[in-house]
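Before any comments, here is the structure.
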């Protein structure tokens, strides 16, 4: 049965307009993005099929083009649309964070860092640069690849902190495995960067590790 033949209250688009996006299932949200199904398969049925094939909504959203395009109903055009939507979401969070007078909400920082790093298929390391009132100056990804004390150069972090005229920084990196548990290498790296930045009077406020669930704060664990 075509979605057009469904009761209006059950159609994803009408349901979203009446109840808000949070009321929709992953499949219903994806169906709105897909817009149409394929022969013998409504957009909602296709969405359910895709979620089953990828294993989760997150896996679908983070898929790279070659894998994404192998699935029925998807291709380069849909991939481009999806990347545009994800980038708009990241920029929205960045703009919202910059509008805040100061970083008074740890949750706002967590939400922002999740949006920036969770989609990354490989390890990346970045810095959130702040002024003396902890207002956001910039966020930059500085290193990509295996993140450890040998691959992250304190001199480069210091250079970018000075270029942004930062008074403080929040360090962050992701664990693509999804496990947020800090390693000994993470603790060593954090201390090296704290020592280097202290020489130019820039404070390291925290180091967040992004994986599945909520980003982990090393400061909250007492490891700063």
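Glycine residues also receive a Cβ, built from the backbone N, Cα and C atoms like all the rest.
Here Swiss-Prot flags 173, 175, 186 as Zn(2+) binding site, drawing on sequence analysis. Residues annotated as domain 'MPN' in Swiss-Prot: 102-224. Residues or ranges marked as motif 'JAMM motif' by Swiss-Prot on the basis of sequence analysis: 173-186.
Note on the domain 'MPN' (102-224): DSSP counts are 37 helix, 33 strand, 53 coil. Residue environment of residue 173 (Zn(2+) binding site) contains 24 other Cβ atoms, counted within 10 Å of its Cβ in all protein chains.
Each residue in the motif 'JAMM motif' (173-186) has a pLDDT score, and their mean in this model is 84.
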